[in-house]
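Working notes, beginning with the structure itself.
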Amino acid sequence: MQPFYKPLPIDAGYIFLGILLVLILANLVGGWLKKRHPHSYSVNNLNARIRSWWVMVVLLLLAFWFDRVGAIILFLGVSFAALREFMTLIYRRRGDHNAVALCFYGLLPLQYYFVLIDWYGMFSVLIPVYAFLILPIITGFSGDTEQLFERTAKIQWGAMVTIFCLSHIPALMNLNIVGFEDRNILLLIFLVLVVQASDVFQFIWGKTLGKRKIMPALSPNKTVVGTVGGIMSATVLATSLYWLTPFTPFQAALIGLLICVMGFLGGLVMSGIKRSYGVKDWGRMIDGHGGMLDRVDSLCFAAPIFFHVVRYFWVM
């Protein structure tokens, strides 16, 4: 079992200092644009996004300062918010109540408890195996058989994406990598920074040069230039951050490209789901961004891939 607390590596401080400098620059640019275009919706939305990024970065810093426990508590909260948004959108029938309640009050705390005590066996099978079997039983016992299969599948999928997938982020703290002891928090920083930077770069490239839509039926705002430019820019960032990780520059580039592509695909899938319900955003929790799921949809798909690649190739 891993210790609950380790000091934050000095390298993490350098990264957060760099992020804060970028946010200060973004504030200056946003203020300048606001003076030139005081009534522009795009400028107001940009400034709202920047303000929200300040809050998110400070929360990340505070959480990571407390190492494993801080990361687990933070992403437990993120999973709760994401699960709430997902279930709010799909919940339609009274017969689903008990299954949804199990997700919130059983699966969510148990999954993160297994991360806390470093029980990889149960962490890896609780939702894909046990919840997969138990949730349809509970839903079936409600006696409401109308669209039972579809309703159960949606609940199962929501638990997988918002609880199981996101829990792989703090689970990185439990990997025993030879020569990388007491530095696992840097893997979390690498993952979150690269994937979120990819989203930001895609937004910037798309707004400045993007014209041709890449998948308008799923996400009408994503463009070919925005996608390619954003992923490539974030891959360069990942390569430059190899020193945070146990990876070589080439390995960091490949892994960065992989998680950015998975993040992009995750964003498309999650966008398609919410639009199938006729909504633009998963919620309004984060000013300028939408809901929690709008901010972490890419991480939902990137985190498990990153975790298992690192575990397979770097854990002895």
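Quick reminder: no glycine exception, Cβ is built from N, Cα and C everywhere.
Worth saying up front: this structure is predicted, and the values here are computed from it rather than measured.
TrEMBL annotations:
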| type | residues | note |
| --- | --- | --- |
| TRANSMEM | 12-33 | transmembrane segment |
| TRANSMEM | 53-83 | transmembrane segment |
| TRANSMEM | 95-114 | transmembrane segment |
| TRANSMEM | 120-143 | transmembrane segment |
| TRANSMEM | 155-173 | transmembrane segment |
| TRANSMEM | 185-204 | transmembrane segment |
| TRANSMEM | 224-244 | transmembrane segment |
| TRANSMEM | 250-271 | transmembrane segment |
| TRANSMEM | 292-314 | transmembrane segment |
Practice prompt. Might you confirm whether the transmembrane segment (53-83) is in contact with the transmembrane segment (292-314), defined here as three or more C-beta pairs under 8 A between residues 6 or more apart in sequence?
Written response: yes
Discussion item. Should anything in the same chain at least six residues away from the transmembrane segment (250-271) have a Cβ under 8 Å from its Cβ atoms, list it; otherwise answer none.
Written reply: 161, 191, 194-195, 198-199, 202, 215, 218-219, 222, 227, 230-231, 234-235, 237-239, 241-242, 282, 293, 297-302, 305-306, 309
Worksheet item: What same-chain residues lie close to the transmembrane segment (53-83): Cβ under 8 Å, and 6 or more beyond its ends?
Response: 2-8, 12, 16, 19-20, 23, 26, 103-104, 108-109, 111-112, 115-116, 158-159, 161-163, 166-167, 169-170, 173, 185, 188-189, 192, 282, 285-286, 291-293, 295-296, 300
Practice prompt. For the transmembrane segment (95-114) and the transmembrane segment (155-173), decide whether they are in contact, meaning at least 3 CB pairs lie under 8 A, counting pairs 6 or more apart in sequence.
Written response: yes
Worksheet item: Given pairs 6 or more apart, does the transmembrane segment (120-143) have at least three Cβ pairs under 8 Å with the transmembrane segment (155-173)?
Response: yes
Discussion item. Short question: most Cβ pairs under 8 Å with the transmembrane segment (12-33), which of 155-173, 185-204, 224-244?
Written reply: 185-204
Worksheet entry | Distant-in-sequence neighbours of the transmembrane segment (185-204), which means Cβ under 8 A and at least six residues beyond its ends | 6, 8-9, 11-12, 15, 19, 60, 64, 67, 71, 169-170, 172-173, 175, 222, 226-227, 229-231, 233-234, 237-238, 241, 244-245, 256, 259-260, 263-264, 267, 298-299, 302-303, 306, 310
